[in-house]
Amino acid sequence: MYWRRAALVGTRLIPVRSSSAGRLEGPAGISGSGMGNSTSSSLGNAATAPVNQIQETISNNCVVIFSKTSCSYCTMAKNLFHDMNVNYKVVELDMLEYGSQFQDALHKMTGERTVPRIFVNGTFIGGATDTHRLHKEGKLLPLVHQCHLKNSKREEL
């Protein structure tokens with residue numbers, strides 16, 4: 001499977017393969033509250049490659065925000081999806097034992113190390129500023145709806 005950063009934001013194709021190895025779960029995993037949003041605070045162990053766990057999380061969720069708890073841009077992005085009444089998965093990198101390895105993997109996947117790193121419908125759309133721009137242009141919600149439509153069709157089969 002190939003994921004690409006949205007053409008709306010513009011950049012290169014990023015090859016990524018889905019893998020069944022490693023899940024974004026761990027003994028200290030917690031669930032967020034409100035609107036079904038969830039947070040991962042622990043992501044397994046170092047033996048499981050961060051890239052595989054990132055890929056699986058992105059594949060299993062329509063909206064994923066890789067964040068840090070102290071990041072104001074991350075809060076801005078989470079608030080945007082909350083205000084849009086869109087469920088999302090949050091992975092707080094600073095709460096993970098191997099958070100720096102996950103951030104390194106995200107850097108290799110997206111070309112940028114900063115947070116937030118936001119994926120919608122398996123597509124990297126950028127950071128908070130990119131996401132807000134897509135929303136103002138009326139392009140963000142259609143991306144989210146595409147994912148929900150795809151998931152609905154998958155459930156019908």
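Yeah, the Cβs are placed from backbone N, Cα and C, and that goes for glycine too.
Annotated [2Fe-2S] cluster binding site per Swiss-Prot: C62, C147, in sequence order, evidence recorded as similarity to another entry. In the three-state DSSP reading, C147 ([2Fe-2S] cluster binding site) counts as helix.
V115 (glutathione binding site) falls within neither a helix nor a strand when secondary structure is assigned with DSSP, and so counts as coil. For K68, Q103, V115, the entry in Swiss-Prot reads glutathione binding site.
For the recorded site, C74 (disulfide bond), the DSSP three-state label reads helix. Sequence annotations record features per position, and here Swiss-Prot assigns disulfide bond to C71-C74 based on similarity to another entry.
The domain 'Glutaredoxin' annotation in Swiss-Prot covers 51-151 and is backed by sequence analysis.
Per Swiss-Prot, the feature phosphoserine maps to S20.
For C71, the entry in Swiss-Prot reads S-glutathionyl cysteine, with the evidence type similarity to another entry. The number of other Cβ atoms within 10 Å of the Cβ belonging to C71 (disulfide bond), over all protein chains shown, comes to 19.
The transit peptide annotation in Swiss-Prot covers 1-18, and the record cites sequence analysis as its basis.
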What subset of the recorded positions C62, C74, C147 lies within 10 angstroms of K68 (glutathione binding site), using C-alpha positions?
C74
Want to know which binding-site residues, from C62, Q103, V115, C147, are within 10 Å of C71 (disulfide bond) at Cα; which are they?
V115
Cβ neighbour count (within 10 Å, all chains shown) around K68 (glutathione binding site):
19
If one measures from the C-alpha of V115 (glutathione binding site) to the C-alpha of C62 ([2Fe-2S] cluster binding site), what distance in angstrom results, rounded to a whole number?
18
Glutathione site residues K68, Q103, V115: biggest Cα-Cα distance, Å?
10
